[in-house]
Amino acid sequence: MPDIFTDNTDKQDSDPSRQGFEGQPNVVIVRYGELALKSTGVRNWYEKILMKNIAAMLDSRNIPYSLLRREWGRIFIETTDPRAAEAAADVFGVVSTSPALVTKPDLESAARTCAFLGTGLIREGESFAIRARRSGNHPFSSADVGRNCGDAVWDSLEKEGKHPRVNLTSPDKEIFVEMRQNLAYVYLETVKGVGGLPLGTQGSMVVLMSGGLDSPVAAWLMMKRGVMITPVYCNNSPYAEDAARERAFDCIRQLQTWAPGHQFATYEIPHGPNLRAFIGTCDRKNTCLLCKRMMYREAYEVMKKVGASGIITGSSLGQVASQTAANMHAEIYQLAIPIYHPLIAFDKSEIVDIARRIGTYDISTRPAGICTAVPERPEVKANYDLIVLEEKKLGIETMVGDALKAVKILKL
């Protein structure tokens, strides 16, 4: 493990003598969620991966830091850069972060730090509250911390000529104190994290990437659950414009920003010849179903090649004509392929909200033309056995093999 990492899970905190009170946040508290529920061995592994992912995110945004410390229930980033809290909050597995001031874990030091922050934070007429918690062995309670720190803030405000008010139910301003065994942390804000599990803890999957709104969101949601992705783009040229290809690749590039330290390998598969065969040989209304089944077969071969465990799609039940329950069954009929639909029950508005959050919305809504292979009246209630009969006209195995011979592997 690099020198920037330290493990203090047994000692709980590092030496307070090297910490100084300088009046500005000098550490970021990183909190994680459900990985804390894992067994000791699994939790230890997850935490180490999370630390590496946090370090990679900080490096990708050119945010300096001196150390990452792993302690029981927390990760601490030693930095004075105000961007660090937001950056760490964008790491999968992190539920929240807080830029904090570090001080000694005694009542006097904590009270002095709270008074300093409170004087600059609380304006005339505003109410305040101290939110205190502690861990480790201390000769005082959390209530003692709150009371002593509150008194110090009150006295400091009175010296400033302000008229302080305490409101523990609905205060205008809050000051948080986390008292640990060897250090105390005082902070004013909590930045919400993306949550989930650390990227890379749940293996890898292939994602069918179209560049529309849905597939990037589906990929991101699986990344949030710890899954590394291998994007597969089926190029429908000449039935699709080059703009569609660039849009898909730009979505992949944006997803890459959520996974610093993990380089995607994008597989581009020529799919136009397959569409030409479907249009020329089969009932026109079945083109979309045959197309999707072929994409699954091609993605399955990529899945086996890269050692992945499944295929991710952006399908959402009932969103378009081809995504009826009957059609989605037909798409996998007699195909023993593990398919994941993370958006299956999402409303379009929910998908749009996530796309905006992750930075793919503006890319996915760029004009890119339409696929001209789509029939005027696509099948919405497929006959499963008829689809299989249609495929027997085509020489499916040869088509899959020809497509994979022409695949391009790209680092975008």
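The backbone N, Cα and C atoms fix where each Cβ goes, glycine too.
Feature annotations, courtesy of Swiss-Prot:
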type    : residues                               : note
BINDING : Leu208, Met209, Lys292, Gly314, Gln323 : ATP binding site
DOMAIN  : 82-190                                 : domain 'THUMP'
REGION  : 1-22                                   : region 'Disordered'
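Here the binding-site residues are Leu208, Met209, and the one whose Cβ sees the fewest other Cβ atoms within 10 Å is Leu208.
Contacts of Lys292 (ATP binding site) defined by a Cβ separation under 8 A and a same-chain sequence distance of 6+ are given as Ser322, Glu331, in order along the sequence. Its own atom aside, the Cβ of Gly314 (ATP binding site) has 25 Cβ atoms within 10 angstroms in the protein chains shown.
In the domain 'THUMP' (82-190), the DSSP tally of helix, strand and coil residues is 39 helix, 31 strand, 39 coil. For Gln323 (ATP binding site), the same-chain residues 6+ apart in sequence whose C-beta sits under 8 angstroms from its C-beta are Ser315, Ser316, Leu317. Mean pLDDT across the domain 'THUMP' (82-190) comes to 96 in this model. Those residues noted as binding ATP (Leu208, Met209, Lys292, Gly314, Gln323) have their most widely separated CA atoms at a distance of 16 Å. According to its DSSP assignment, Gly314 (ATP binding site) is coil.
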